[in-house]
Amino acid sequence: MSSSGAAAAAAAQHLPRKEARELAGHEGAVLAVRFNRDGNYCLSCGKDRTLRLWNPHTGALVKTYKSHAREVRDVHSSSDNAKLVSCGADRQIFYWDVSTGRVIRKFRGHNSEVNSVKFNEYNAVVVSAGYDRTVRAFDCRSQSSDPIQTIDTFQDSVMSVILTKTEIIAGSVDGTVRTFDIRMGRETVDNLGHPVNCISLSNDSNCLLANCLDSTVRLLDKTTGELLQEYKGHACKVTSISYHPTKACMLTSSVDGSVRVWN
Amino acid sequence: MGADSDEDDFVAYGTPIEREEDTSARKRRAIAEAGQLRALPAWKQEVRDEEGRRRFHGAFTGGFSAGFYNTVGSKEGVKLLMKMGWRQGRSIKDSHADSLYESRRNARKAFLALSGIKNDEDQDKIDSDKPSLDQSVTGSSEEMHASGSIPAYVLHPKQDLHGLGYDPFKHAPEFRDRKRFVKSRDRDHNRNDISARGNLLISNWHYAPGFGIGALEELDVEDEDIYASGFAYELTEVDIEPSKTSDGNYKLDDRKRGIFLSFKIASNSEYKLERYSRNALPLVMPGVGPQSLDTEAVSLGLPITGGVRAYGAPHKLSANVVFCRFPPPDVPADFDGRHKFATPTQPAEKFSDLAPPEVPPPEDSTVRLLIEGCAAMVARGGKHIEDFYKEKSKTNPQFHFLSGGDGCSYYTRKLWENQFRYTGQPRPDAVKSKPSSDKLTAENRGKILGERPLDRSTKPHISLSAKEAVQLQSNLIDTFVKPISLDALPESEKPFSNDPAKQARFEQFLKDKYQGGLRTATATPVSTMSEADRARERLDFEAAAEAIEKGKEKVIKPSSMLSLPGMNEQRFVSATQLESSIVPHDEKPIYPRREPFEWRPAPILCKRFDIVDPFMGKGTKDEEESSSRSMHHGSGAGLMEAEAHGMTNDTDIEPSSVQRPVDLYKSGSANGKELEERSKGQTADSPSSEEELILGEQRTAVDGEFTT
């Protein structure tokens, strides 16, 4: 769906080869760009501590959200487009109201920078992954700003987290991709041996894509943990990876400045 | 947004309200605080200019005015300056007090010049004198001195590098005198007394040398050393060579006699000194008066050497301290300051101990020649030649004498003879002695001790952990895949083929029992079986295992071994990409690896995900009570269903369900009743009433705890 780059402007790519539009506005690096659930809007997180909501189809900047004290690392919008959750290097996770642009709640609990944050299916839980080797889950429905669960079995910084209906999957720099099955009460550790930067789920939810810092993207079977495929194409580190929601293709971005589409 | 939106209906007048986002934080604060400025005391007010910016950053502590009533630089100020004269920056307001201060300063200086006392130490004294001086000075209060006073001369020019007024020895009086002494010793010794005499003790107390005080504390009554002998003693270091010392008061009557006695006549008790000698030992001689020290010491026959001088000025007690100092030891003329390491063997002793017996030479003359030549070489060259020969002789049968073959004893004898001939030059010994330390490696040591090296394990490294908490049979079936090329466990050996879950557990049991390899530290798998069932199953497993073993006896071992990893294969097909054979591959990819663990999701997390908590009702890991489990299983399930229907305010209830096992133990009857109620209640009630029940229960549970 989206990829991140360290350019000074967010470039939305509708088609794999043509740059359709350039969304300029951020002062400094853009750390992450995410589409919302229906794909009509995209959100960009910048090193300038702001979040910007764009309409990529028209190229207009809809709103700017300023509240973070340090760079914003990730953002996720709820399925009803009413709420946003963003995390940053200031150890805070902000829960925004989209229309008013105000922070409804600040989730605290991480001891260090927060790398990734996600809503769950019902927008009731916010799960975040941080540099402090933990994955924390926060409850949106209650009034508390403390985590309801902390997972600290990781050995190193957790770089990304994704949620399914019944699982929390997180990839960490210690080389493991851990799946926490809530229904089974089980933690499955898949040790890949290389630091995992970013993970993504295939659209049939059977496969897990893990992007490792040795410039390879590994396709794992979620149920067995078997390595199905390795993709080596980028010359340098792959920074982000994403799967198409409907088609069977995958998008990766890298430090070498290129975005690749894989089938 | 704005005035133009509805032109028909209304017209806007006036300035629009500023939007909050546009004003900077600074301006907003300025506006908000504008009213508060007058209300604050002067020292709290912040100086701001028109734009609201703070002025005077940093440690600004006042002093707005400069000059006489703030007239610096102004015309009036200059006029005043001409009139009053420049007075070292003091304002006219202070003139009255100032003149007093001035005259006091001068008086103090004069006093110091006369008495030769250092400035700061005499503060106490001077301060006591102040009142007397004051009267003399009041008369001159009206006068204004024309110029700033310059001290006539500074008695002790500042030679150190710390700031004015800083006294490094404030809390360490012992070191002050020592430092002074060290300094003065380098200077003229004649001036010793003058400067020394001027030193006053801060107080008459004594502080124990070994104790100090904290940085934030002052020397106080409590820090006084109550066990000090209560008098001041003086020690000075005098060199061994008496010619260097030139102190006039120093009596050296007995220098000629080689006894360095030094007892100074006790000086005026007003000036007490404290000095320490470096290597001195206190030696208290009670009841000895100052004058009679010499004779006393001599009569005691004390070997007081090294020119220690001690005298006592009796202050509290009449004891005196004599410090002894001892000269360095006599060094023999041929002393060489290098450590001689003991040689591994002492030839002299060894020869007497280990003279090998006389042995007739072996039959073969060539061997004899070899032995003799070898012995000569080794005796001359050393141990390493012997090793070299040993290496060479591994294949050559003639050299067996080196390692205990034929003629070994003859070789030993020859070697000894040769070495004996070369007595006086230490040589490493022959076979019998232990090898020199620098060649003693671990292997050699092991050989000496007679150890057998361990076999290096060549079995494939099975890094899988096969223990898995399998709760649902469906999972198992998913992961079961037919093995590729391996013989599966023959049908006869599948005792529990009708129950795949049990079969899986059985295989797991076998693996655990018979195979080595890494196991991950997993928590006890939560299973749906009770303890008794598990135990029974285990017995079954053991019986089955034995049966299999018996059946396998006919079969060749390798195949049975094969079957065991085969069982592994059945469960984890390619998780480790293990080949089917046991033969180890050196380059086996071990990634990616999969390891399952138990993880307990928080109940509220499960609720938010709309998932049934897998550990519901099981309490914490420590408490597993089968009765409570079964009870809560039923009630808990009801709870979950009820709340899954979309109630939102029940975050508190969930924890109570987990805590209930604890409550059970605490209050017996009260909760028991409630549980019954619950089980009754959950059958037919609507969600809301169940909730009420639970809430009520929670309340009463709390009460119950209080009452019991």
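Backbone N, Cα and C define each Cβ position, glycine as well.
In TrEMBL, annotation is done automatically, which means it is predicted and not curated.
Source: prediction; values computed, not measured.
TrEMBL has this to say about the protein:
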type	residues	note
REPEAT	A:23-64	repeat 'WD'
REPEAT	A:65-106	repeat 'WD'
REPEAT	A:107-139	repeat 'WD'
REPEAT	A:231-263	repeat 'WD'
Summarise the model confidence on the repeat 'WD' (A:65-106) as a single mean pLDDT, whole number.
91
In the repeat 'WD' (A:23-64), how many residues does DSSP call helix, how many strand, and how many coil?
0 helix, 23 strand, 19 coil
Summarise the repeat 'WD' (A:65-106) by DSSP state, stating how many residues are helix, strand and coil.
0 helix, 23 strand, 19 coil
Give the residue counts of the repeat 'WD' (A:231-263) per reduced DSSP state, in the order helix, strand, coil.
0 helix, 17 strand, 16 coil
